[in-house]
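**Student:** Below are the features listed in TrEMBL for this protein:
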- 9-193: domain 'Heparan sulfate-N-deacetylase N-terminal' (DOMAIN)
- 203-407: domain 'Heparan sulphate-N-deacetylase deacetylase' (DOMAIN)
- 499-749: domain 'Sulfotransferase' (DOMAIN)
- LYS506: active site, for sulfotransferase activity (ACT_SITE)
- SER605, TYR709, LYS725, GLY726, ARG727, GLN728, TYR729: 3'-phosphoadenylyl sulfate binding site (BINDING)
- CYS710-CYS720: disulfide bond (DISULFID)
Amino acid sequence: MGGGCKCSRYKVEVAGKSLPVLTNQDKGRYGVIVFENLDKYLNMDNWNRQLLDKYCRDYSVGIIGFVSPSEETLVGAQLRGFPLYVHTNLRLRDASLNPGSPILRLTRAGDTAWGPLPGNDWAIFQHNHSGYEPLEWAQKNVMDYPTDGVAQPPLATVLQDHGQQDGIQRILFGSGLKFWLHRLLFLDSLSYLSHGQLSLNLERRILIDIDDIFVGEKGTRLKPDDVHALIATQNRIEEMVPGFRFNLGFSGKYFHHGTHEENLGDDMLLRNVAQFNWFSHMWNHQQPHLYDNVTQLMNDMMLNKDFAKEHGIPTDSGYSVSPHHSGVYPAHELLYTAWKKVWNIKVTSTEEYPHLRPARLRRGFIHRNIMVLPRQTCGLFTHTICIDSYPGGRDKLDESIRGGELFQTIVYNPINIFMTHMSNYGNDRLALYTFESVIKFLRCWTNLKLTSVPPLQLGELYFKLHPEERDPIWGNPADDPRHAKIWAGNKRRTTLPKLLGLGPQKTGSTAFYTFLSMHPAVASNVPNSDTFEEIQFFNGNNYYRGLDWYLNFFPLQPNDTDDKFMFEKSATYFDGELVPKRAHALLPKAQLVTILISPAKRAYSWYQHIKAHGDPIANNYSFYQVITATEAEPKALRDLRNRCLNPGKYSQHLERWLACYPQQQLYIIDGEQLKSNPVAVMNDLQRFLKLPPFDYSRHLRFDNKKGFYCQVVSDNRNKCLGKSKGRQYPPMDDRSAKMLQKYYRIHNQALVKLLKKLGSRPIPQWLKEDLSVTS
């Protein structure tokens, strides 16, 4: 049992043996209740059934139920508690819909879905009560049940219960979602029973790219008749899909590289330039990630641009597609730079983000102000020249069109960009058949409003619909064989970090960085000139600089140090809201180290730190004024308050990390122990990281002048952190201490619970003390 929908604004919850909590502060939590197995609903114990029925009546919530396959065959068996009779384990054919049903919204009562229905375990419903209305009918399969030519009455396979008996609306399915029509009816049932709350928009945009114009072996290219057919089909589709035009991507180097007749086809395309939309492929169809010089890449693009100008092809579409999706994702920064400079590209598309398959998981993102849209799969590839070469042949293609994968792709995606190739439009014109057929089928069986707009408008619309996708998520191309192939070769051996030091700030993270860097088996990133040792990639604007920027901090290791344990530390990672998700996408196996001290002490230390660096707010406001600033105060003061207070909500931030990483990869260091006994702390850490033993007791020594541990250089000389480290501040005033003790109490209590749940580290002394002080 569960309620919900595919729509991202809503959540599906799966119930266990007992009912979940149905209400929340006098509001119903579920818009629709779904039973995958109708028997579970019919045979609920009385107490739960009464609770559920009352909830459904009180909140006007409907129920969807599916008759599950069963070895037992029922003939005219009454459904428990209903004036309904069911026959099971039937083989059926020729489904049709009730055109008068109020449930139909996305689904249209089109023709009959001729032929056998999938499976041999269908159930049908019989009733003699006006409160029930069939939504779908089918016929017995005459091959299995001979009728001697006598016309048979239609059998109800999906039934609506109008709720006349008990005030609860229900929709009952005699089979599951293997039948394509049931997938549509399920969406409509969700919409109907939720009073429109769980509804898909009915508008669909379709763009069909034809890549590789002028590219192709002799004998596979377009001839004049194929160009005629392309224009004629486009005109027919445009009547069904307003605004439709094929979108042609050209590589000018291969113009007139076919047979005599195919070269005439090239000429005819150019005589009909105005009939189509156009975009630049690459001049020589070379993959952009193979270029490591932006000038060479731009020169290649300029050749294509010059060809376009010479032949009257428009150059202002703002759209381009990269051969084999190279350089778009994983992002090759040179491609984005060259596209901007030569073609002023604003939008592109790829099948690769985040992975080639499955198509339903593809997303968009924006990088360097170029919108990257997801492309959908239509099953036509470069080598799919004729219907016979389609994987599975004509039957498989027709299945995809008539309710199968291609049909459903358009049903579920508001925006569809299909990649096809010039060769799909020559020969037996496979692509023309495919798209014209699926559009006709959609018009027959759905009420979807199909339109088409140019790529730039499509991109703007896509990110209005999906604003949450604007930010990219960079994954490691080496983790995906397909991505590794379309990633620049000189980057493939980059050593990514095996450990992230998370911070937070002012807990001893710089000392940790220094001590870990001393280990001969460990190496850290090259320093960032802007932020010293910290890269600060996963939080803030550095992330938008792209993966190449990050990788430059981890240069290729010489052969003898290939196995170095690489790490990076950025103290701002700990409390960054987006950081765990971004870090996990790129470094899913990384170990995480965080250092915790009293959050009140940390807040005060941060205030004093930036005061010492001349921050005007810290110099003009006392610590107490900062931490008690209200929302009415100036933004700069509120920002400082947040930087003081928010990182100290340790449990909240750790939970966010643990939502992405398993607890076995998280190591928590007591910052006070790191300060007072770093040798023991670093020995424990190296055991956790499974590093070869390194004797820290010979390399760390307490420096009396500095008041903290430093690196041993010789018998009488230490190398210590800079003068800003270990600085002595005046003690915190009592008023601030009491306010912070109260402020952090609930967060510190949550931290104790979390540490106990993790079970790996003792409760720090400072945490016990913070909680034992009474206000």
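Note that Cβ sites are derived from N, Cα and C of the backbone, with glycine treated the same way.
Just so you know, TrEMBL annotations never went through curation; they're auto-generated.
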**Student:** I'm trying to understand the geometry here, so how far is the Cα atom of LYS506 (active site, for sulfotransferase activity) from the Cα atom of SER605 (3'-phosphoadenylyl sulfate binding site), in Å to the nearest whole number?
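**Tutor:** For LYS506 (active site, for sulfotransferase activity) versus SER605 (3'-phosphoadenylyl sulfate binding site), the Cα atoms are 6 Å apart.
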**Student:** Counting other Cβ atoms within 10 Å of each Cβ, which of the binding-site residues SER605, GLN728 scores lowest?
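**Tutor:** The binding-site residues SER605, GLN728 were compared, and GLN728 has the fewest Cβ atoms within 10 Å.
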**Student:** May I ask which of the binding-site residues SER605, GLN728, TYR729 is closest to CYS710 (disulfide bond) if we compare their C-alpha atoms?
**Tutor:** GLN728
**Student:** State the mean pLDDT for the domain 'Heparan sulfate-N-deacetylase N-terminal' (9-193).
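**Tutor:** When the pLDDT values over the domain 'Heparan sulfate-N-deacetylase N-terminal' (9-193) are averaged, the result is 92.
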**Student:** How big is the Cα-to-Cα gap, in Å, between TYR709 (3'-phosphoadenylyl sulfate binding site) and CYS720 (disulfide bond)?
**Tutor:** 8
**Student:** For the C-alpha pair, I'd like the distance in angstrom between SER605 (3'-phosphoadenylyl sulfate binding site) and CYS720 (disulfide bond), rounded off.
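**Tutor:** Counting only the Cα atoms, the answer is 20 Å.
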**Student:** By the count of other Cβ atoms within 10 Å, pick out the sparsest of the disulfide-bonded residues CYS710, CYS720.
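**Tutor:** Comparing Cβ neighbour counts within 10 Å for the disulfide-bonded residues CYS710, CYS720 gives CYS720.
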**Student:** Cα-Cα, whole number of Å: CYS720 (disulfide bond) versus TYR729 (3'-phosphoadenylyl sulfate binding site)?
**Tutor:** 19
**Student:** Taking the Cβ of LYS506 (active site, for sulfotransferase activity) as the centre, count every other Cβ atom within 10 Å, in any protein chain shown.
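**Tutor:** Neighbour count, Cβ to Cβ under the 10 Å cut-off: 24.
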**Student:** Can you count the other CB atoms that lie within 10 A of the CB of TYR729 (3'-phosphoadenylyl sulfate binding site)?
**Tutor:** 13
